[in-house]
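Novice: Would you mind keeping the following structure in view while I ask a few things?
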Amino acid sequence: MTKLTSLLLAIGMFATPIAAYAQTPPPPAPVVATPAPAPAVAVPAPAESPAATAEKVAAPAPLLPVAGEGMPTPGAIHLQEQVTPNGRQAEWIHDSVLLPIITVISALVLALLIWVIVRYRRAANPVASRTSHNTVIEVVWTLLPVLILLFIAVPSISLLAAQFKPAPKNALTIKAIGNQWYWTYEYPDNGGFEIVSNMLKEPKDAAKGERARTDADGPARLAVDNRIVMPVGVPIKLIVTSNDVIHSWAIPAFWTKMDAVPGRLNEVSFTIEKPGLYFGQCSELCGARHGFMPIAVEAVSPARFAQWVRSKGGSMPGDKPAGAAAATEAAPAAPATNQAAPAAASGN
C-alpha cells in the first residue's frame, strides 16, 4: 500500500508541470511597428533631348540672292566685292598696285613697238643698222623690272602672311569635307551637327518630286539645297579635308581657296564683315562632275546664327542641356527615413 501511494505521488508530481505548461498560453509574438509608407514623390518627366527641343526653334528665313553681290556678274572683268580683311587688302593690291603697273608697262611696250615699226621701216632705212648692244639700255631694262618686283613684293608679303595667320582662340570652328560631288559640313563648337549640301538641278533636269532650283535659291549651278551659315564679325576657322579625291573649297568674295586633301586637315581663317549670300565652287579638278560642286554661305548676325544653330539641333556656348534646369527645380527634398524600431513584447 505504501509503495502504491508513493508511485501515485511520483506520477502526480511529473504530470503537474506538463498540465500547467499546456494551460499556459504561448507568449504573444513581438509587435513590429510597420513603417509608415514613404510619401509619394513626383517623378519628373524625362528630359527632352537637345534635338527634340531644337525642333521647337524655327529656322530663320533664308536670305535671297542679290544680283552682283557674292556671285559672278555677266560681262564683268573686275573682282567680286570683297567682304573679308584679307580680301579687301588683296583688292587694293590688285586695283592700286598691279593694274597701274600693268597699264604703264603695256602702254610703254605698245608705244615702243609702234615707234620701231614706223621709225625703222624699210622705206626709211634702206641700210639696216648694225648696232649689236647698248649698255645703258641693258642696265635700265634689268634694274627697272627688279625695282618693280620689289615694289610689288612689299604689300604681297604682308598679305601672304595674313592669309596664313592662325585663327584666334575665340574663332568658330567649321569643318568642310569634300566628296564626289557634294560637300558636308560639321559644326564641332555647336554640338557637332552635320549639313549635307548638294547642287540643285534645273527644273527641266530634276526628277519628279525632286526639289528643283528657283531664282530664290541663287544662280544656276551655284544654288544648293542646304546652305551653311556663318556669323558676321566672328573669326571663322575653316578646317578642310576630303573623303575621296582632292577638292578645293573656294569663295571669291572671301578671298579664300583651300585644298581638301584626303587624310590631311588644312586650315584657313577669315572674318566676314558684311551680311549676305555668297557663292563659290570646288576649284580643283575632281572628276566627271567637278563643275557641279557649288558652295553657298549665308553670312548673318550672331543672333540669327544662334537661331539657325538651335533649329538644326545644335547649341551655343553657354546653353544649358535641354530639360536640365526643369529637372533640377522639380526634384523634391529627400524624405525623412526614420523607421520605428520593432517593439519586442516580452512574454511571461
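Glycine is treated like the rest: Cβ placed from N, Cα and C.
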Novice: I'm validating the feature mapping. Which of 197-234, 311-348 is tagged region 'Disordered' in TrEMBL?
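Specialist: Range annotated as region 'Disordered' by TrEMBL: 311-348.
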Novice: Would you kindly list the residues that approach the transmembrane segment (139-162) from elsewhere in its chain, counting only those six or more residues past its ends and only Cβ-Cβ distances under 8 Å?
Specialist: 85-86, 89-90, 92-93, 97-98, 101
Novice: Could you break down the residues of the domain 'Cytochrome oxidase subunit II transmembrane region profile' (71-167) into DSSP helix, strand and coil, giving a count for each?
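Specialist: DSSP classes over the domain 'Cytochrome oxidase subunit II transmembrane region profile' (71-167) add up to 64 helix, 0 strand, 33 coil.
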